[in-house]
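Let me give you the structure first, and then I'll get to my questions.
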Amino acid sequence: MAAQNQVQITIPKDHNGQKQTPEDDFDYSQRAQWVRAAVLGANDGLVSIASLMMGVGAVQKDVKAMILIGFAGLFAGACSMAIGEFVSVYSQLDIERAQMKRDKAAGGQNQEHEEGNKEQLPNPFQAAVASAIAFSLGAIVPILAAAFIANHKVRLAVIVAAVSLALLAFGGIGAFLGRSPMVKSCARVLIGGWMAMAITFGLTKLIGSSTGMEL
């Protein structure tokens, strides 16, 4: 009886037996650098300027003073964020380049892998610009919210409401882009912003009352 030869062909499948899509193959860690810079800059601008304006509003009812302080904080903060982001990302870039050189010298990295790593290296200039723009976009929200309200108490309430909505929006955008939990991200950003504004307003109110600066 002749022996039968059986040929078995194995068809590669993913773990779930489903066809993979380009979205499944996308590496969201590559997007983390931009998400971090944009969300951090927007939240920082929003919370910093809103807290600054709330602090001024605790001792000064003049809307012009609040707007002036807001714009001064916007320009100073945007420059600070850009410089800080540039220095931080450039330091990261130097470290990654040094590590790539060590790997290449040790012979543990081929040409294709080296090219792939170079494409993933962060750009300090782009990160700095993105951070400054994001900070400015966040900082302009409380300024616009306060610019058209004459009543002092209503103005403060409108600032809090506008900032709260913007915090929820920024938290949701960051969660969507980074594929992280939406509710947890929004709650974390919102609570942090409320705490910053409350602490700044309370401390400034306390200092203004004790020193007789409140008008």
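Heads up, the Cβ atoms here are built off N, Cα and C, so glycines get one too.
What TrEMBL says about a protein is an automatic prediction, not a curated fact.
This is the feature table in TrEMBL:
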- 101-118: compositional bias 'Basic and acidic residues' (COMPBIAS)
- 1-26: region 'Disordered' (REGION)
- 101-120: region 'Disordered' (REGION)
- 37-59: transmembrane segment (TRANSMEM)
- 65-90: transmembrane segment (TRANSMEM)
- 127-150: transmembrane segment (TRANSMEM)
- 156-177: transmembrane segment (TRANSMEM)
- 189-208: transmembrane segment (TRANSMEM)
So, do the transmembrane segment (189-208) and the transmembrane segment (65-90) meet, by the test of 3 or more Cβ pairs under 8 Å (sequence gap 6 or more)?
no
Which one of these stretches, 37-59, 65-90, 127-150, has the most C-beta pairs shorter than 8 Å to the transmembrane segment (156-177)?
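Comparing 37-59, 65-90, 127-150: 37-59 has the most Cβ pairs near the transmembrane segment (156-177).
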